[in-house]
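Asker: Checked Swiss-Prot, it gives:
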BINDING   83, 182  heme b b562 binding site
BINDING   97, 196  heme b b566 binding site
BINDING   201  ubiquinone binding site
TRANSMEM  33-53  transmembrane segment
TRANSMEM  77-98  transmembrane segment
TRANSMEM  113-133  transmembrane segment
TRANSMEM  178-198  transmembrane segment
TRANSMEM  226-246  transmembrane segment
TRANSMEM  288-308  transmembrane segment
TRANSMEM  320-340  transmembrane segment
TRANSMEM  347-367  transmembrane segment
């Protein structure tokens, strides 16, 4: 009699996805981040669900309800700290996951990659509306500044902003709808994640060499299930340490002050994981130009597969392309730093140079280097 996991209609899908899945034997720890993102998503949904049971989406009560969760609800402080810092870890894992894809040429699985870019946009949207919910100063002013950017679109801009606000300013209607979106989007993310996996399992995983690995595959379980378990342990250990020992390290002190429309904070800035995009937005003096640059800083990932010029898939055997990849990483760190600095000399010019370099790397330098490497191979 055949094993039930191979015959049962539901179990055989699970079996094909996480048990008997043929996996390249040489994938490294960089392939752990997909499952870590799954862990982050589950953690965020569970902590978020329990927080939503005690949260009140009303401007007179939102700030107090968060204080109530932290003071009066059993382990409410822990739920909140894990949820807030879990978002940071979510983005760390996403950025490392994307970096892995860029380095090893995983983006050539176009369907998987495009769903991944969509997932990134959904997660960013979810994090943005979630940051507004505690209704502190930075929540309120962050919502005001970022939604106001839509007014840069010609003709429809002002109407669009008022439509999103539900009035003439960020108010109760805005908070209520942001809570609705923050509750709904993670379930859409879960659906998109299943599509992401569906497309991935059509082709199988890439590997560090970028070569076809059909000749050397092993079952996902037990080899990579245990390897993933180690990643889970490390992630949860670091997340727990941060949530328990220094939960406000990555937050903004301004958000401990209840929202006040009459007092503007000295420096309005988003959470650290949006700072690179915020720096690109601020480095362009024109409002519409800034908004377009902000959008393109993420959407540029969609054109990466089209601009792949090299005969080799992975960067493993391409030192010039490796150099450009690490310049891109350093550039992202510079942009993140600039995004948190005030708009004054020398930060303005540094931000502008870093922004130009960011787009140049994707659109010109990396494709050109791939082409040059092909030429060098031909000469050799």
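The backbone N, Cα and C atoms fix where each Cβ goes, and this holds for glycine too.
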Asker: Out of 97, 196, 201, which of these binding-site residues is nearest residue 182 (heme b b562 binding site) by C-alpha distance?
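Answerer: Going through 97, 196, 201 one by one, the closest to residue 182 (heme b b562 binding site) is 196.
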Asker: Any contact between the transmembrane segment (178-198) and the transmembrane segment (33-53), i.e. 3 or more CB pairs below 8 Å with pairs at least 6 residues apart?
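Answerer: Stretch pair touches.
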Asker: Considering only Cβ pairs within less than 8 angstroms, which of the stretches 77-98, 113-133, 288-308, 320-340 has the most against the transmembrane segment (33-53)?
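Answerer: By the under-8 Å Cβ criterion, the transmembrane segment (33-53) pairs most with 77-98.
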Asker: Rounded to the nearest angstrom, how far is the Cα of residue 83 (heme b b562 binding site) from the Cα of residue 196 (heme b b566 binding site)?
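Answerer: Between the alpha carbons of residue 196 (heme b b566 binding site) and residue 83 (heme b b562 binding site) there are 24 Å.
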Asker: Can you count the other CB atoms that lie within 10 A of the CB of residue 97 (heme b b566 binding site)?
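Answerer: Summing over all protein chains shown, residue 97 (heme b b566 binding site) has 20 other Cβ atoms within 10 Å.
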Asker: What's the CA to CA span in angstrom from residue 201 (ubiquinone binding site) over to residue 83 (heme b b562 binding site)?
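Answerer: Rounded to a whole number, the Cα-Cα distance is 30 Å.
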Asker: Taking only the Cα atoms, work out how far residue 83 (heme b b562 binding site) lies from residue 97 (heme b b566 binding site), in Å, as a whole number.
Answerer: 20
